[in-house]
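Structure first, commentary second.
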Amino acid sequence: MSFLRFIRGFANTQKNKIEILKFADKDGAYRRLPSQFRNAISREPNAEFPPDLNRYHLYVSFACPWAHRVLITRALKGLVQALPVSVVHWHMDENGWRFPTKEELLGLKNGDISVGTAEPNYGFERLKELYFKANPEYNGRFTVPVLWDKQKETIVSNESADIIRMLNSEFNDLLPTDYAQVDLYPENLRSRIDEINDLVYDNINNGVYKTGFATSQEVYEKEVKKVFAHLDKVEQIFKTNQDKNHNDKFLTGTTLTEADVRLFTTIVRFDPVYVQHFKCNIGMIRYQYPYINDWLRLLYWKIPAFKDWTNFEHIKKHYTKSHKAINPHGITPVGPIPDVEIE
Ligand SMILES: N[C@@H](CCC(=O)N[C@@H](CS)C(=O)NCC(=O)O)C(=O)O
């Protein structure tokens, strides 16, 4: 690292008041902060960030459910080649996400992504260096995913919900027809998708974090009950759909949509991580939720974008070895086996 970069990094650390590994507020509750980079790739004429098959880069963690949404959408839309990805190391420390060191990468076989991938655009060691390159005054959390513009050298967006919408629609003119036709947010299902997203986002996707990061018994109990009450509601959605039509396997019926992608990234982590690490243990998906479990197995085993972009090594190691306040010895539980039940 150059001396100048070291000094800049140090100054930035002093400026940034957020304690990376401290999640709950004084009252014991975890509150997720809004993402700060909210620009968009758009195919509107003269857009600031037009679609381009060579211009953007994605930074993700394989452990992160929000980044996972983007990875799956990218694969479903056939954007894997056009939008290269860099993967941070699964371990997050008091300076946030980092890229693997040269030593860690030494001797690894081609394609071995067990420690992530090196940062290819600037040789950065930390994700936060990208944030400060985009905005030297940045004062938020250094989260993944990050959608980076190599031309303007800035962050287009660090909000996964927005990024998946961009990938779904804005590259279509540049894609082969079969991928352009994949629509995860079809016009006729939008209100139902929005309704399900609302239910799932706060109570399930974020609900497991509010449960796991709680530092008071009252907050924990309130949140864990809310997670399971809403899993019950989702189970009921699947049941009602299938009582009407046996082939309605997805959340909105026969069509796979972003609502499924957004729910999947939490459900696939549920039994292997959230049950024990976040104490979401009133039940398990595989034993208490037969409809959700069937849907999970369908997505994971039958639609390659889901299994291909799910990495249980990163998922399990990240949570259990990064959150020292929750798991001081960093022991990663072996089970449950298998991670997802066989189809
Ligand atoms: N709203 C963001 C949330 C992303 C997020 O919270 N990512 C986590 C990993 S799962 C992160 O990078 N956390 C680092 C930190 O908070 O310091 C999105 O959906 O894109």
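Using the three backbone atoms N, Cα and C, a Cβ is placed for every residue, glycine included.
Noted in TrEMBL for the protein shown:
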- C64: active site, nucleophile (ACT_SITE)
- Y209: active site, proton donor/acceptor (ACT_SITE)
- W97, R141, F142, T143, V144, E159, S160: glutathione binding site (BINDING)
- 186-319: domain 'GST C-terminal' (DOMAIN)
- Y274: site 'Lowers pKa of active site Cys' (SITE)
- Y319: site 'Lowers pKa of active site Cys' (SITE)
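Secondary structure at E159 (glutathione binding site), as computed by DSSP, is coil.
Taking a Cβ cut-off of under 6 Å from any atom of ligand 1, the recorded positions R141, Y209, Y274 reduce to R141.
Using Y209 (active site, proton donor/acceptor) as the reference Cα, a 10 A cut-off selects Y274 from the recorded positions F142, S160, Y274. The domain 'GST C-terminal' (186-319): residue composition by secondary structure is 103 helix, 2 strand, 29 coil, according to DSSP. DSSP gives F142 (glutathione binding site) a coil state; it is part of no helix or strand. Less than 8 angstroms from the CB of W97 (glutathione binding site) sit S61, V88, H89, R126, L127, K128, F142, V144, each of them six or more residues away in the same chain. The maximum pairwise C-alpha distance among W97, R141, F142, T143, V144, E159, S160, the residues recorded as binding glutathione, is 17 Å. For S160 (glutathione binding site), the number of other Cβ atoms no farther than 10 Å from its own Cβ, over all displayed protein chains, is 26. Reduced to three states, the DSSP call for C64 (active site, nucleophile) is coil. Using a 10 Å radius centred on the Cβ of T143 (glutathione binding site) and all shown protein chains, the other Cβ atoms total 23. Mean pLDDT for the domain 'GST C-terminal' (186-319) in the predicted structure: 97. In sequence order, S35, F37, R38 are the residues near E159 (glutathione binding site), counting only same-chain partners six or more apart with C-beta under 8 A. Its Cβ taken as reference, V144 (glutathione binding site) is surrounded by 24 other Cβ atoms within 10 Å in the chains shown.
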